[in-house]
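Novice: Below, the features straight out of TrEMBL:
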type	residues	note
BINDING	A:CYS37, A:CYS38, A:CYS103, A:CYS132	[4Fe-4S] cluster binding site
DOMAIN	A:37-146	domain 'NADH:ubiquinone oxidoreductase-like 20kDa subunit'
Amino acid sequence: MGLEEKLPSGFVLTTVEQAAGWVRKASVFPATFGLACCAIEMMTTGAGRYDLARFGMEVFRGSPRQADLMIVAGRVSQKMAPVLRQVYDQMPNPKWVISMGVCASSGGMFNNYAIVQGVDHIVPVDIYLPGCPPRPEMLLDAILKLHQKIQDGKLGVNAEEAAREAEEAALKALPLIEMKGLLR
Amino acid sequence: MSDHTHGEGQNGNAVPAPRDTGGEVIRVRKGMFGANNGGDTSGYGGLIRTVTLPGASSRPYGGWFDEVADELEGALEEQDLLPENAIEKTVVDRDELTFHIAREHLLQVARTLRDDPALRFELCTGVSGVHFPGDKGRELHAVYHLRSLTHGRLIRLEVSAPDSDPHIPSLVEVYPTNDWHEREAYDFFGLIFDGHPALTRIMMPDDWQGFPQRKDYPLGGIAVEYKGAQIPAPDQRRSYS
Amino acid sequence: MTTPHATPRATTEGTVYTVTGGDWDEVVESAVKSDDERIIVNMGPQHPSTHGVLRLILEIDGETVTEARCGIGYLHTGIEKNLEFRNWTQGTTFVTRMDYLTPFFNETAYCLGVEKLLGIEDQVPDRATVIRVLLMELNRLSSHLVCIATGGMELGATTIMIYGFRDRELVLDLFELFTGLRMNHAFVRPGGLAQDLPPGAVDQLREFIKTMKKNLPEYDKLATGNPIFKARMKDVGYLDLAGCMALGATGPVLRSAGLPNDLRKTDPYCGYETYDFEVPTADTCDSYGRFLIRLEEMRQSLRIIEQCIERLEPGPVMVADKKIAWPAQLALGPDGLGNSLDHIRNIMGTSMEALIHHFKLVTEGFRVPAGQTYTAVESPKGELGVHVVSDGGTRPYRVHFRDPSFTNLQAMAAMCEGGQVADVIVAVASIDPVMGGVDR
């Protein structure tokens, strides 16, 4: 007794993009990629109380070749960076990256020789998730936002067009240092 | 501020160890706020302070400290090693006993400390490197903490080496647990432990240049950008100490 | 490749091997002789069963591990160096992130060291010390729960993992109530604590103890007598007392070899000598013994927590010396915990001296007399030692953590060589290394 029962003549028109996005967002397989403190919160999210299974994501894949979501959970050291990139390269397309926690997003409080100052130096990031570490609810929120992003994903020429637009917008964007306003 | 705790606590005996004057000068601090290029308007630009670590103590050290020192000296004499050659100085500070050991005798002293039934320091809790660039000729210190489970005691050994010749004998054959600890100290401070079975980098990537926890190695942070402003990395900022 | 049982034949599509039957004894014999089953397996740093970003390099002959080596440093964070550029109080924020499963042990060990350098050990209020003990024992519970949970998960027993995380959540709820954070608290400060326990804390603690007393036996029911669990754990990861002593292993690894060495008893700190508890040991030297020890330690921790509740007398939680005590007064505002507005109004409006003092202490920090000290606490993994050196400044000159995970992980090779590949996982899980602590 859902939407499907109310459809006129039993069929519905949509685009391939939307259908593909809808299917993809409901079957995201995260890779088992824990680094530091955030990995513990990621495991907590998978465990009983927060229960990632509600979003069809409880199966963390041990092999990156079976995964399409990498949750970079924790600080990325200079020594780990090549490994992380290799894991990312091993994942089949389409793939997404959540940068979980401030250390992965920007280096956080570890502004020093050992830590990569933001995992976006190595892999493209879809969602930045702040917090040190983020609560499981925050990770769930990031995952839901990522689901929406996957749902809205483009295919083929539309994808190329979207990428081009994004690049143009980024080139035109005002650098942070030239922005005015509150210091943040 | 710390004087009133000498010789108390686990040591039982409340006799503070008499202190020779003159400790180890590790640094001379000049000015304030780290502004050495004339930008300091605080009026403290001419401030000069020497930083001195606690100096050698003389007997009695108090409590079981004397017993350990006696036993160690006796055991070294039995091995035809003059204690004053091996033990450069003994420091009792904050209820802790430190032997400064000449590096060429470190291995023998450690073996004695481990094997002598009256000493029996079975557990070494690793080595911690400390870099004092201002302590000329003794820039690199390796600090070992030895714990005796038999007697419930804890002592510290301190060995120093100059930056130009950063060699210290390895303690791995006496305390195998020091294997990784010495690799770590090598990785961070460039201390070369002679006789270590495989002295390679452990924390940093194998091709890393430099020894990152030395004082002359920068922190390596980057400036953090905000809207219309930049905050320099922590080691580039004005400092108070 | 040419053997009597596989003859090559060239075809247009490449060489085709025809494998014929043969006497299996011959096959096995030649396999042993040729020894081409000897392979090097690189396990990690990204591997679901290595307990973090640990890299194991295993030389394998068939299913037998002939040589095992560890590669670490994949989580090296440079915390010890970062500390040298922050003041003494800010240091707790860094050290709490070292071994992120035992934040209160890191903080307490560091703060005990700083207090010793300052010479104010006797001035730390009793209530602060009792709360430190309370938090540490709660933390011991949560750390052991994660050890058992992830250890179970690495064996493929996901139910144990769900159980462990279920109970850990209960501990984290308490942490959140007390400190405002689930992890990385920076709650223990040099001189005492960041703030007092909130109202209702004791009731929640009593409730928690009741729940845990009901939940802890479930691990016994689920795992302790479970034949599969026992078969995987017994006699695996064997390390006897001599091995432990030589390799410097402490904590449950050492106690599983029969030596009841626990710093809470042998070198007490924070008044542990006045608490009534036992140090469990095992004589099996194996993973199963370590599992049983962890279970028993959790029960003992509950005992200590009960005693802590009785000792909680009202009083200050920070030293009275205003030259050291952090001047902030926290209060709950509409946007969460922060500086008390009344306090700020007071010092801003009435006392210029208080304002200057506040500013100096917060921006510059207090000075610590030159010297060095080593303080050790018994973390859930073993002896957590902190070597703190001060040059008399407002920042640490050098802080070195002797992390038990780091030292105990050295024993991995001794435990695994000669065993099966699958047992490597069990042995590593029984050491319970946390890479944040190993690499710092």
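Just so you know, glycine gets a Cβ as well, placed from its N, Cα and C.
Walk me through where these features lie, including what they touch and how far apart they are.
Specialist: Close to A:CYS37 ([4Fe-4S] cluster binding site) in the fold, though at least 6 residues off in sequence, lie A:GLY74, A:GLY101, A:CYS132, A:PRO133, each with a CB less than 8 Å from its CB.
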Novice: Under the DSSP assignment, what numbers of helix, strand and coil residues are found in the domain 'NADH:ubiquinone oxidoreductase-like 20kDa subunit' (A:37-146)?
Specialist: 47 helix, 16 strand, 47 coil
Novice: Return the residues near A:CYS38 ([4Fe-4S] cluster binding site), defined as same-chain residues 6+ apart in sequence whose C-beta is under 8 angstroms from its C-beta, sorted by sequence, else 'none'.
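Specialist: Same-chain residues close to A:CYS38 ([4Fe-4S] cluster binding site) (Cβ under 8 Å, separated by 6 or more) are A:ALA73, A:GLY74, A:MET100, A:GLY101, A:CYS103, A:ALA104, A:PRO133, A:PRO134.
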Novice: Which of A:CYS103, A:CYS132 (the binding-site residues) has the most other Cβ atoms within 10 Å?
Specialist: A:CYS103
Novice: Average the pLDDT scores across the domain 'NADH:ubiquinone oxidoreductase-like 20kDa subunit' (A:37-146) and report the rounded value.
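Specialist: Residues in the domain 'NADH:ubiquinone oxidoreductase-like 20kDa subunit' (A:37-146) carry a mean pLDDT of 90 in this prediction.
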Novice: Select from the binding-site residues A:CYS38, A:CYS103, A:CYS132: which have any Cβ-Cβ contact with chain B shorter than 8 Å?
Specialist: none
